[in-house]
Amino acid sequence: TFVSDAENWFCECPKLYSGKLCQFATCDENPCGNGATCFPKSRRDAVCLCPYGRSGILCNDTIDISHPSFNGTDVFGYTSFLSYSTIPNITFYYEFHLKFQLANHHSALQDNLIFFTGQKGQGLNGDDFLELGLRNGRVVYSYNLGSGTATIISKPLDLTLNIHVIHLGRYLQKGWLKVDDQKNKTITSPGRLVGLNVFSQFYLGGYREYTPELLPKGPRFKNSFQGCIFDVQVRTSMNQEFKSPGTPEGHPNSGRSVGQCKDSPCSLIKCRNGGKCRESGSTVYCDCLTGWKGAFCTETVSVCEPEHNPPHLCKQGGTCVPLPNGYTCHCPLGATGAYCEQG
């Protein structure tokens, strides 16, 4: 019998059946469709935690996800997550770009994973890993190449921004992190090892495991992300184009309890100084007017930078040096003149 009470509706079930739709006895006769995780809520009741691309009580409905939304750790102790195939050639060099939007400023900033890849399962100090998360309102970026952990912590996030932008990277032992329009921060990892050897998949937003205790002894974020993560891009060499993770590109291998972000990202981004927000597929960015750059067009373009219009005139490998009014050219050996134009 279907009983409705404004917001709270439920079915009154005959004996031996339970669940919101009287759909099961227990998880032994798993009623969840499409590879969902069945969780026995009580001896006679179960809940279906839906895999990536599915929703509904029995996970029978398909949903199209362009901007994944994660809901932290659920009441059953599971995190929502996406996992992608292992990122190849990440040993000596990598750069990541990504954007995120927080669901709820209080709990979403406490202790939440953004992404993880590493040697997983031993929980030993020497396990290589790469991890990004939020703790106490700041972005935390950590990696261990096998001889000790390096950690960079950002300044507190500016919570008036609806969408945050992260750029991070590493070359051998040296790592760097740039958050929104904060200054770039750098670190060098301890010990002598210079290569990151990871075997696990690339986890976004959370872990497949029931608890994160099996992860290497790094920051070990306890909860999955709360909010949306999108435009994740990676490259493993300076000369490469940035690409989405996954095989095929942009496609996760698996996931759990991931929804679609509700708001269009451009409704949440405030580009400054005349910049315009642009959306393209799942990508969003600020298109800045001449003279401005940065995630939100808040950083000025120096007269010596390649983006400056007009470009500087230093020739023959001369180095452009900004001055209070204009610039000067420092010429290499064998060149002279105001713009190093003479031999």
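Cβ coordinates are placed from backbone N, Cα and C, and glycine is handled just like the others.
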According to TrEMBL, the disulfide-paired cysteine of C288 among C277, C297: C297
Neighbour tally for C340 (disulfide bond), based on other Cβ positions within 10 Å of its Cβ: 21
Tertiary contacts of the domain 'EGF-like' (262-298) (same chain, 6+ residues out, Cβ under 8 Å): 66-67, 69, 99, 101, 161-163, 165, 180-181, 230-231, 305, 307-309
